[in-house]
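Undergrad: Structure incoming, see below.
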Amino acid sequence: SKLAALFKHPLYNIPIPEVTEKDKLFVVNPMEKFSLHSSGSDEWVSSSKAETLLPTGKTAYDTYPAWLKFHVGINRYELYPRRDPVMPTLLRDLATQRIVSSVQKSGGTQLKLIMTFPNYGQALFKPMKQSRDQETPIDFFYFSDFERHNAEIAAFHLDRILDFRRIPPVSGRLVNITKEIRDITTDKKLAKTFFTSPAGNVCFYGECSYYCSTEHALCGKPDQLEGSMATLLPDKTLAKRRSWRSPWRRSYHKSKKAEWELNPNYCTQVRETPPYDRGHRLLDLIDMTVLDFLMGNMDRHHYETFEKFGNDTFLLHLDNGRGFGTHSRDEPSILAPLQQCCSIKKSTYLRLQLLATQPYRLSDLLQEALATDPLAPILAEAHLQALDRRLGKVLVAVERCLAR
């Protein structure tokens, strides 16, 4: 296994600082219990008064469901540890646990569902919209592109191989539209959008600002539908998150350009603006830039952090569905933060160099990681080859910076 060898490499065993109580997202309180919110929301809240609850503190850690162990393990330095014993169980739960509730997630441009399991775990379901070998049409704007379920799965594994570990765990799953969505949903708006197509397939389209119409309906075969299941982060009532607008955000306008596209010295003003004027925030953002360039994701307008940890913490790489849309062309503008700032973490650069060598070739590692997913193969071969090509371009960009 190339993956096993990679994770044994010294570059993947750089210790994180000692985690103190204040560095943990949650300090388990024996008196505190968790319950589903009673107000009709599907999010988690804590409640000391609820009944039929999943207790935490008074119950042995070993008895926690995998999703709760994942939440309890989050700290200032990482979303999950490198050799996380919980990960295989958590990914298996996402793929196999019985679904007891399916409702549409509000907001966003495209249809997503929140699914709940009997152990109170929850996942974000993004349904399949196009086949593995379809490329984003060349005339599509990045902001009207489809979100791809296989991109979410591949992004999680790529993020882990790069040793960022900032994307919540994702697994592929084959869902029965009839039994696991239509028959159990309490979402009246969603329920109204189900129909049977002329071919006899069960379809639905939900409500959203893009691609939610009968012309863009999601149809099963006859009711089986692929999708990605992403572990939900702790509810914001328990762990507040702060959303940050990316300084290299695109204009989201058909003809206007953003300031960073017009000003080659743009990074100078970013470096003088909090939180990029101190600490490792700018370097973390450049890590995210590298991830996005490798995936071809142009849609990184925001990122999030856990509020508890202030500015001294990792960035959450959420919403990666617009990655892996094209393999035949690369988007050099994604690398603007790296090229304009000429900065990168030494550890990231050394790992990227390692992933360009034959024993640890990035495409081989990702292919091995994705082979374990229930929906494998996840990426077409051309996307894997594009990864190696793009990795070479990242290294060239760093070498040019070093030469300067």
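Yeah, the Cβs are placed from backbone N, Cα and C, and that goes for glycine too.
Where the annotation comes from TrEMBL, it is an automatic prediction and has not been curated.
According to TrEMBL, the ATP binding site annotation covers Gln110, Lys126, Glu147, Ala230, Thr231, Leu232, Leu233, Glu304, Asp319. Feature annotation from TrEMBL assigns Mn(2+) binding site to Glu147, Asp319. The domain 'FAM20 C-terminal' annotation in TrEMBL covers 194-403. According to TrEMBL, the active site annotation covers Asp299.
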Undergrad: In sequence order, which residues at least six apart in the same chain have a CB under 8 Å from the CB of Thr231 (ATP binding site)?
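TA: For Thr231 (ATP binding site), the qualifying residues are Trp67, Phe70, Leu90, Leu94, Gly121, Ala123, Pro168, Pro169, Val170.
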Undergrad: Please work out the mean pLDDT for the residues of the domain 'FAM20 C-terminal' (194-403).
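TA: It averages 95.
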Undergrad: Among the recorded positions Glu147, Asp299, Asp319, which residue has its Cβ surrounded by the fewest other Cβ atoms within 10 Å?
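TA: Lowest Cβ count within 10 Å among the recorded positions (Glu147, Asp299, Asp319) is Asp299.
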Undergrad: Considering each pair of residues in Gln110, Lys126, Glu147, Ala230, Thr231, Leu232, Leu233, Glu304, Asp319, all listed as binding ATP, report the largest CA to CA distance in Å, no decimals.
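TA: Largest pairwise Cα separation, rounded: 20 Å.
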Undergrad: Sequence gap of 6 or more, Cβ distance under 8 Å: name the residues on the same chain that satisfy this around Leu233 (ATP binding site), in order along the sequence.
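TA: In sequence order, the residues whose Cβ lies under 8 Å from that of Leu233 (ATP binding site) (at least 6 apart) are His71, Pro168, Ala239, Arg241, Leu316.
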